[in-house]
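Residues annotated as domain '4Fe-4S ferredoxin-type' in TrEMBL: 28-57, 58-89, 132-161. Look at TrEMBL and you will find C37, C40, C43, C47 tagged as [4Fe-4S] cluster 1 binding site. The [4Fe-4S] cluster 2 binding site annotation in TrEMBL covers C69, C72, C75, C79. Residues or ranges marked as [4Fe-4S] cluster 3 binding site by TrEMBL: C141, C144, C147, C151.
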Amino acid sequence: MAHSSLNLSRRQLFTRRNTSEHPSLPWVKESQFSDLCTQCGECIKQCPTKIIQPSDGGFPRVDFQQGECTFCYQCAEACPEPLFHPKTETAWQAKAHISDACLAKQNVDCRSCGDSCEPFAIKFKLAIGAVAQPHIELPDCTGCGACVSVCPTSAITIKHT
Ligand code: SF4
Ligand code: SF4
Ligand code: SF4
């Protein structure tokens, strides 16, 4: 009884978190995740960049403070449950967003995020009387998260579009 109520509360917690704007895992079927994921941890073990971590509710989710997703698909291949879409589909509809905590918005020159973005999705636009301002070209952003941990003010988050 105690065990099932713990499971229920974890699922409720996850369901609340899962409706959040942040992605859980690439390619995952979000609507079935809390029902089908057994929290076995195989995806956590296989991720080469170690960005998959247990969340508060015990379910795995990506933490871009640990690094980036290389879209290798090893988490999906390791999962024993029918939880992931095929690799041929888009991993997720998640994109980077820059908040007002960005140093450039406070007129401090910084291009750390742009330097970390392989697809060159972050463009810096000159502004009159201010340092160059970052702008994300959303069609070019893969949501890989490489720009997140390099930001000195934690201004970047990866969100579903
Ligand atoms: S696709 Fe690869 S790098 Fe991305 S979360 Fe899965 S295992 Fe990690
Ligand atoms: S491998 Fe699959 S079932 Fe196991 S924790 Fe990861 S997503 Fe859940
Ligand atoms: S999430 Fe990846 S692709 Fe998108 S802006 Fe950041 S580094 Fe570039």
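The backbone N, Cα and C atoms fix where each Cβ goes, and this holds for glycine too.
Those TrEMBL annotations? Automatic predictions, nothing curated.
All features noted in TrEMBL, drawn onto the structure.
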residue: C37; record: [4Fe-4S] cluster 1 binding site; Cβ neighbours (10 Å): 21
residue: C40; record: [4Fe-4S] cluster 1 binding site; Cβ neighbours (10 Å): 13
residue: C43; record: [4Fe-4S] cluster 1 binding site; Cβ neighbours (10 Å): 23
residue: C47; record: [4Fe-4S] cluster 1 binding site; Cβ neighbours (10 Å): 22
residue: C69; record: [4Fe-4S] cluster 2 binding site; Cβ neighbours (10 Å): 24
residue: C72; record: [4Fe-4S] cluster 2 binding site; Cβ neighbours (10 Å): 14
residue: C75; record: [4Fe-4S] cluster 2 binding site; Cβ neighbours (10 Å): 25
residue: C141; record: [4Fe-4S] cluster 3 binding site; Cβ neighbours (10 Å): 19
residue: C144; record: [4Fe-4S] cluster 3 binding site; Cβ neighbours (10 Å): 25
residue: C147; record: [4Fe-4S] cluster 3 binding site; Cβ neighbours (10 Å): 26
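Long-range contacts of the domain '4Fe-4S ferredoxin-type' (58-89) within the same chain, counting only residues at least 6 positions beyond its ends with a Cβ under 8 Å from a Cβ of the stretch, are 10, 14, 17, 22-29, 32-34, 36-52, 142-146, 148-149, 158. Per-class residue totals from DSSP over the domain '4Fe-4S ferredoxin-type' (28-57), listed helix then strand then coil: 12 helix, 4 strand, 14 coil. Listed binding-site residues near C47 ([4Fe-4S] cluster 1 binding site): C75 (candidates C75, C147, C151; Cα-Cα distance within 10 Å).
Counting in whole angstrom, C40 ([4Fe-4S] cluster 1 binding site) lies 31 from C141 ([4Fe-4S] cluster 3 binding site) by their C-alpha atoms. In the three-state DSSP reading, C75 ([4Fe-4S] cluster 2 binding site) counts as helix. Around C151 ([4Fe-4S] cluster 3 binding site), the C-beta neighbours below 8 angstroms that are at least 6 residues distant in the chain are C102, S112, C113.
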